[in-house]
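> Summarising the annotation, Swiss-Prot assigns active site, proton donor to D38 and lists a curator's inference as the type of evidence. Summarising the annotation, Swiss-Prot assigns substrate binding site to Q78, R87, K122, Y151, A152, H153, V154, G155 and lists experimental evidence as the type of evidence.
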Amino acid sequence: MTGIPSIVPYALPTSRDLPANLAQWHIDPERAVLLVHDMQRYFLRPLPDALRDQVVGNAARIRQWAADNGVPVAYTAQPGSMNEEQRGLLKDFWGPGMKASPTDREVVDALAPQPGDWLLTKWRYSAFFNSDLLQRLHASGRDQLILCGVYAHVGVLISSVDAYSNDIQPFLVADAIADFSKEHHWMAMEYAASRCAMVITTDEVVL
């Protein structure tokens, strides 16, 4: 069966749950960009209310920190109502996807893009695919990417791998991402910490 599965409530990770990081990078506001990944109504709708509220709340805290510290903010958002060519192989795993209506496409109010933010159309798992994200990072002299959003083991993780592959240091914010299950969430954290990224908490970003 294609599409986003039913999601059972689970507790977000705390600092005690994080896997050991191999890399020892540190966020520098002069080098970083925040990526708000796919926080559209369509993708957040399947999440249990408490989980959704926590993830959105933590992402909003990071969004405010970015604004306060001059850190650019990038958003990915699928366009909705893709035709067959645009949808490609996504349809074999996820079905037709979202509609282009605001009830599906809009980023949730608490994280709504602001003037000057980078708006990227999302076509595949990676935020870098068929977008100018890498060019924007290079043009702004930024080589760190802080990631929050959904879904952890799909687009968030693949975007982290793509950042790493382009010598951009990814920081995966463990309690500002969500997934289909605790197992998927933990798998994404463990892979990221051991293969491509730093896994950190919201407090480590904003405090």
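Quick reminder: no glycine exception, Cβ is built from N, Cα and C everywhere.
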> Work out how many Å separate G155 (substrate binding site) and D38 (active site, proton donor) at their Cα atoms, rounded off.
8
> Can you tell me how far the Cα of H153 (substrate binding site) sits from the Cα of the residue listed as 'active site, proton donor', in Å?
13
> Inside 10 Å of the Cβ of Q78 (substrate binding site), count up the other Cβ atoms and send me the figure.
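Summing over all protein chains shown, Q78 (substrate binding site) has 23 other Cβ atoms within 10 Å.
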> Give me the long-range Cβ neighbours of Y151 (substrate binding site): same chain, 6+ apart, Cβ under 8 Å, in sequence order.
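Expected: I4, D38, F43, I177, A178, D179, F180, H184.
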> Non-local Cβ contacts of A152 (substrate binding site) (under 8 Å, 6 or more apart, same chain)?
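For A152 (substrate binding site), the qualifying residues are L172, I177, A178, D179, H184, H185, A188, M189.
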> What are the non-local neighbours of V154 (substrate binding site), defined as same-chain residues 6+ apart in sequence with CB under 8 A from its CB?
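Expected: Y125.
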> Which residues, sitting 6 or more apart from R87 (substrate binding site) on the same chain, put a CB under 8 Å from its CB?
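Residues satisfying the criterion: P96, G97.
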> Considering all pairs of residues in Q78, R87, K122, Y151, A152, H153, V154, G155, annotated in the record as contacting substrate, what is the maximal C-alpha distance expressed in whole angstrom?
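Maximum Cα-Cα distance: 21 Å.
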> What three-state class does DSSP give A152 (substrate binding site)?
helix
